[in-house]
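Participant: My questions all concern the structure below.
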Amino acid sequence: MKLRRGALRAALALLLLLLPPAGAVEPISLGLAIAGAAASALTGFISYPRLYCYFRECCLHRHDQRAAAALQDTLDKRLFGQHLVSKVVVKAVRGFLNNTNAKKPLALSLHGWTGTGKNFVSKIVAESIYKKGLQSKYVHQFVATLHFPHAHSINLYKDQLQSWIRGNVSICPRSLFIFDEMDKMHAGLIDSIKPFLDYYELLDGVSYRQAIFIFLSNAGAEKITEVALDFWRKGRTREDIQLTDIQNALSVSVFNNKNSGFWHSTLIDKNLIDYFIPFLPLEYKHVKMCVRVEIESRGYAVDEDILTRIADEMTYFPREERIYSDKGCKTVDAKLDYYYDF
């Protein structure tokens, strides 16, 4: 940071020295002088990669340790009721970023009901690695119903998807690929990227070992809820749930789910998915946390009555116990628009 500040100060100082007195040149000439001076002053400094990345986005914009710290901090502050997610995602991403000799790309599969935080977590991972987050040119997001809508075009989609991954990893080895709505993706399409997730050192001269793949799906949500309910009915807290209580059953459930892109997928059969990460259904208290944070993020004082009213209006399941929100925190934003005159 000191190097960057020092370089910027030097460039600005040089600009001031080179500029002629006001009124001595016409505006267009003055603009050219500024541009020329800036170019001359910065040429030497931009040759340093770190300073160049200050002005232009670079592949792996943030240092590995800073990325992991940013990921941990944001998850701690803004993700509620997902102790397994926070623990596994941080360890998996941090370990992968710090591994200078990875044998394969990192592949995470996020599972759970709508509104439990899957998209939110993939967004946080992107932002922890790249300053522009999902808008980064090194982050690539696919939505099944948008990018792969027609079953009869499956072969075309496979070719396009492979070309896109190959081309972007060639440009930036630390590319991030996010696949949303895996439960709506044509069965077998995802297997077209199997070679990129496997333990190959090179494929046609390209290494994919630094890339990250994140898959989002509702598949397996029933199994996750089943485990969570079992713990609740036995008087155990959700924090007692361990990854080992769910992960194996979850992977089997997803593999055998015909409504999932992972149905009989070789990615599962060949153990190419590193972590199946369960998102537990959210409880009433978690919905209230979501409402509070959203109000505060908009810069408004929290009205406890409105906060409670919004949480109460959510629908919960099972019908008898009414423990979990059936939409998680997904509709919080829309309900706030109704109650607050923003």
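FYI, residue positions are counted from 1 along the chain as it appears here.
Even glycines carry a Cβ here, placed using N, Cα and C.
What TrEMBL says about a protein is an automatic prediction, not a curated fact.
According to TrEMBL, the protein carries these features:
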type	residues	note
BINDING	Gly112, Trp113, Thr114, Gly115, Thr116, Gly117, Lys118, Asn119	ATP binding site
DOMAIN	282-339	domain 'Torsin-1A C-terminal'
SIGNAL	1-24	signal peptide
Participant: If you draw a 10 Å sphere around the Cβ of Gly112 (ATP binding site), how many other Cβ atoms fall inside it, taking every protein chain shown into account?
Facilitator: 26
Participant: Drop a 10 Å sphere on every Cβ of the binding-site residues Thr114, Thr116 and tell me which sphere holds the fewest other Cβ atoms.
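Facilitator: It is Thr114 that, of the binding-site residues Thr114, Thr116, has the fewest other Cβ atoms within 10 Å.
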Participant: Around the Cβ of Gly117 (ATP binding site), how many other Cβ atoms lie within 10 Å? Please give the count over every shown protein chain.
Facilitator: 27
Participant: Cβ within 8 angstroms of the Cβ centroid of Gly112, Trp113, Thr114, Gly115, Thr116, Gly117, Lys118, Asn119: which residues besides those meet this for the ATP site?
Facilitator: Phe120, Asn218, Phe279, Gly328, Lys330
Participant: On the 0 to 100 pLDDT scale, where does the domain 'Torsin-1A C-terminal' (282-339) sit on average?
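Facilitator: For the domain 'Torsin-1A C-terminal' (282-339), the model's average pLDDT rounds to 92.
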Participant: Any idea which of the binding-site residues Trp113, Lys118, Asn119 has the thinnest Cβ neighbourhood at 10 Å?
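Facilitator: Ranked by other Cβ atoms within 10 Å, the binding-site residues Trp113, Lys118, Asn119 bottom out at Asn119.
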Participant: Across all the protein chains here, work out how many other Cβ atoms are within 10 Å of the Cβ of Gly115 (ATP binding site).
Facilitator: 22
